[in-house]
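One structure below.
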Amino acid sequence: MRKLSLALFSLIACLQSSAQTEPNWMRYAAISPDGKTIAFTYKGDIYKVPTSGGNATMLTLHEANDMMPIWSKDGKQIAFASDRFGDFDVFLIPAEGGEAKRLTYHSVPEFPYSFTTDNKSVLFGSTRMDAASNRTFPTGSQPELYKVSVNGGRIEQVLTTPAEWVSLSSNGQLMLYQDKKGGENQWRKHHTSAIARDIWIYDNNAKTHKKITTFNGEDRNPVFTDADKAFYYLSEESGSFNVHKMGIEGGKSQQLTSFKKHPVRFLSLSNDGTLCFGYDGELYTMKGNGRPQKVSVNIVADVRSNNTRVVPVNGGVRDMAVSPNGKEVAYIFRGEVFVSSVDGGVTKRITNTPEQERLVSFSPDGKTLLYSSERGNSWKIFETKKQRSEEPYFYASTVLNETAVISNNNENYQPAYSPDGKEIAFIENRMTLKVYNIATKQTRTILTDKELFSNGDNDQYFQWSPDGKWFLFDYAVPGVAPGEVGLVAADGKGKVINLTESGFNDSRAKWIMGGKAMMWFSNRDGLKAVAQSGGAQADVYAMFFTQEAFDKFKLSKEDAALQKEIEDNKAKADTSKKQSAKKDSVVIEWEGLSMRKAKLTIHSSQMSDALVSKDGETLYYLTRFERGVNLWTTNLRTRETKMLVTLNAQGGNMVWDKDQKNIFLSANGGISKIEPNSGKRDMVSINGEMTLDVAAERVFMFEHVWRRTKETFYTRTMHGVNWDSYKPDYERHLAHIGNNFEFAELLSELLGELNVSHSGATYSGFNPNGDVTASLGVFYDQNYKGVGYKIEEIIKGGPLDRADINVKAGMIIEAIDGQTIAADTDIAQYLNRKAGQNTLLTVTDGNTKMEVTVKPISTGEENGLLYRRWVKKNQDEVDRLSNGQLGYVHIPGMSDGAYRTTYEEIMGKYVNRKAIVVDVRFNGGGDLVADLAMFLSGKKFFDYTTDTRSNGYEPNFRWTKPSISIINEAAYSDGHCYAYAFKELGIGKLVGMPVPGTCTFAAWEQLQDNSIRWGVPPVGVKGLQNQYLENAQTEPDIKLMNEYDVVNKGRDQQLEAAVNELLKQLK
């Protein structure tokens, strides 16, 4: 086992020591109304501390994450958010401490913002469901505002439009809030674009909204002051978030603080005028225009959980390797190397590091394990040997010896032994293939960034030839998107040869039949998505390197059997020749090579992996036809094809053992051994455990994110950010992180410094016992206060939209499964975990009652119904406003499915309309811009006609009539690419709000603990002006916002404007 590196050990020890004496990463600070106490979150719990500083008192102690404390106006209670039941709910606790009380019960995240002025209710944000009248796109990025009694009970919707971090005036009539226009990383900094938050004021009496701030960057977190005539807020107007002040009528802002490098967060205000906020993980107070004062905090508390814990190893493995003797398998689990016996169920941990190891393999003699490990600020290559010669197997070994094989400042990974074990091929700095000679310790370069391209770590593909003289590899031809299969000599002296030259996607070539041929995957003949960027089915192909091998492959079953008999008899008779142990050299006959190809599969499909038997007679492949991936086999002589093993897997990969007698399969996190002739499958028993140092692992994951960002960011300018300087600034907070939700926030804050889209980190921890609220597909009457819930509208396609159920709008759902829904309870409590279950509803129209049995749906399914409802309303509106002249389509994302729907609607339902409205508001991105730009920019050049009628035209697969596009701040990624292309290519006009510059490629990675997903963009996009489109906003031709006072009543002003403009063009 390997000890912690000295540098890492010192860092962890230093961090843990400082955590005991100097707590930081104190977040979500909130000052009490009397100005004497600050509540805040630290390590997942709520604390309070005197404003003057001193010892902090713990208010909550729970394994869940407690955060966002909010004081009641009288200072007696604190509301907060906690994920104790899966997702965040609102809880209430006495300010002096005590048992927390749950107030909300829905499984969507819910966050408290403020108490009402009478302290009887808590205002909170959630994405439960918009009001039936609201015409805003139904999305989780647009929360509604609700209130709930401090006693719990029924939820009341206050606003159907987004309103966050609410602050009420002293009489409750006015409400300040920050808006939310889309789903960008909330911790992103320094961006100036249309999606940046603004401060608004809402008049509860007049029911009107008014925008106050006009800065085109971020304005957040408003709080009333000066007898409700002004407000404090946080703004990036000075470059970084600082405290500002402004009158409620708007105008010039007054900057009150001058912090430079880090943002001020979480602003609150006491009744005596004391401001409280957080900066760089610490707490500050300030009086009016005075100087900020740091609050000294001392926390004396036991930890909530052990830093080390034992993790079972019984699945979830990756990177499988089989020993040459076929008796043990190596693999990676949570970034560590393990070996298990194939038959005996014994598992041995090989590495013991907080860093991650990847891509393990055995040496040809089986005595050494080779792998890459991310240690000491770079990927390095290590090998481990058994120290005691009397121990034949790794899984049963006692003492191991690990040594660094390739260790320098470069990124070195994906090591692979040559067939003779004398050399190691590896990737250096992501886009260079090198070979290391073990004896001479010299390296030679085989491929460079002229032939390889990378989006991240460990994403290259190459394979040694059986004689060690060649490499097959995935060839990234410069300037060409589809991949090809390349061949290059292993001595580094030959030129690169493109073997496939197809223009289709050709990849993952493998040597077969002892090097006489190769097989690879290609989408040349498979069914393809309608969108060029969409998926495609693949086939397995083979290329034969000699004419003799090709001729043998083409023999019929009978001729092949006859030739085999002749060869066998000849081998028996020729006893004078000694069998040579030396492998034959690979022979490549270049003449006619491109003609010696064959398709091995009889049907294209969604392939995962494939193998060819040693004799070249049988193909084994993993593919999906219906549900999951299964193992299929094809006799390459007779073409007989059948399913060999039913797996129903998500995917998988396969390798032969050394003698190619057994297939080893890695699928669904497990490993199995398959006898290819019979299909007999035996699972490899993986039954081990590992001791995990949580703090050390977190330190490594931080290092990994910081370093990979530096090395893979799409532009070397790093957007002008001194990336090196931010590492120690955020690293010092690691010892103060209590859980991975907080760790994801810290990573998001770090990545947010780059001011780039497609970045940040999200925590996706799963609680199997958490709440999962089901839905009945109903809009409820928000004004009804009695027993049960009154139906305002039944959503088409929902559980109650059935011919055999006579439930209508206006009826009341009084009970669920026999439980009466009291007037002061939330219906979410009655629908927990009932999706897909037979559920009895008691419904009344006021005179009679009926009982109906339905199956509630998930909130995700309901969101799909809400989306279809929204599109239908827009289609009907365009029909009405244009008197049937125009068509309407909405494109929610840039995928093949969205393109098929767009094509179907436009070229089917609307083919005879005069023009089309294309709506890309809230488009989530993907890769469809080229297809849409081509489709919408068609120019008619033929008419198929007679003297009496037309029978079509060319191009008949493109729209050749006028179009207009509706855009907004939430069109993201390829949604922005589309808006840019639509405008630059002159396809039509853009109507709506500007689209922020997010036309950039994403690269998301799951960290080794599998609970955090993070990313930064590795590739940018330049427009026609040779300028990166990231942070280059696309402006509409007609700029128009859907006003909150209007859209919540059922009008879509942007849609109306688009129709009017398009009708003008038709005149």
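These residue numbers are counts, starting from 1, taken along the chain as shown.
Cβ from N, Cα, C; glycine included.
Source: prediction; values computed, not measured.
So that you can see what the record holds, here are the features copied from TrEMBL:
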type     : residues : note
ACT_SITE : His758   : active site, charge relay system
ACT_SITE : Ser973   : active site, nucleophile
ACT_SITE : Glu1030  : active site, charge relay system
DOMAIN   : 695-752  : domain 'Tricorn protease C1'
DOMAIN   : 797-853  : domain 'Tricorn protease PDZ'
DOMAIN   : 886-1039 : domain 'Tail specific protease'
SITE     : Asp974   : site 'Transition state stabilizer'
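The predicted model assigns the domain 'Tail specific protease' (886-1039) a mean pLDDT of 96. Burial estimate for the recorded positions (Asp974, Glu1030): highest at Asp974, by number of other CB atoms within 10 Å. There are 22 other Cβ atoms within 10 Å of the Cβ belonging to His758 (active site, charge relay system). The two recorded residues Asp974 (site 'Transition state stabilizer') and Glu1030 (active site, charge relay system) have their Cα atoms spaced 11 Å from each other. Around the Cβ of Ser973 (active site, nucleophile), the same chain contributes Ser757, His758, Met894, Gly924, Gly925, Gly926, Thr998, Cys999, Thr1000, Ala1002, each under 8 angstroms and 6 or more positions distant in sequence.
Secondary structure by DSSP for the domain 'Tricorn protease C1' (695-752): 46 helix, 0 strand, 12 coil.
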